[in-house]
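Scroll down for the structure; my scribbles are underneath it.
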């Protein structure tokens, strides 16, 4: 039986909504959702910037460690990416500091498992590998951009960063991904309200010569700033989506479908 035109339009509308939703895990839970988290409307950027407020680490864009050996905002060469094994998997060794509790370790490793099954990325406990991520609890949530070489720290502060969405965000930085709103084509999708931004923090909104991997701008990306990042005052948005200013940005739960697609494209996952 043929579907009525109105029914077809409804199905297309629902499909469009579904494409913007965060990814769900195999148990049917929303990836990155924190059980019992009462502050459900705080976006990832706000949590990260709040946690990083007192850090003495030199950071770019709020949570990227400023490197000394390359252009911070350029991670296109193969030396910046983690190597793929002959079996097609990108194995990234890690160690987790003993200062974390068992529950905190479970949260960190649960965020790492969000990459399994949907990408070729595999975070594995380090044995004796030279390149590895060291997860530590310093003052703030931050990461290197891409593979640094040797030991590289990824800070997940026990007090302010212990959320799966934040951990996935920082792991994406470690894979080589930048913030969504710094894309070279961002001016077609968001308006930066410079007058509402703390002057000393305005550099965090500079555009970069990014490799967009032939993917569309993603308002729902876990790598997108919230609308009031680095704002001078409550209610003074620093970022406004265009043409529809009501489009949600700065979600807090987990990787979007385009986040996952980009990992698969960048690392040539099969």
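Just so it is clear, glycine is given a Cβ too, placed from its N, Cα and C backbone atoms.
Features reported for this protein in Swiss-Prot:
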type	residues	note
SIGNAL	1-20	signal peptide
CARBOHYD	53	N-linked glycosylation site
DOMAIN	71-270	domain 'Peptidase M12A'
BINDING	169, 173, 179	Zn(2+) binding site
ACT_SITE	170	active site
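Close to the recorded Zn(2+) site, the chain also has 61, 63, 64, 143, 170, 172, 177, 178, 222, 223: residues not among 169, 173, 179 whose Cβ is within 8 Å of the site's Cβ mean position.
In the three-state DSSP scheme, residue 179 (Zn(2+) binding site) is classed as coil.
Look at residue 169 (Zn(2+) binding site): DSSP puts it in a helix.
The domain 'Peptidase M12A' (71-270) scores a mean pLDDT of 93 in the predicted structure. Local packing around the Cβ, expressed as the count of other Cβ atoms within 10 angstroms, is greatest for 169 among the binding-site residues 169, 173, 179. Residue 170 (active site) sits 17 Å from residue 53 (N-linked glycosylation site), taking the CA atoms of both as reference points.
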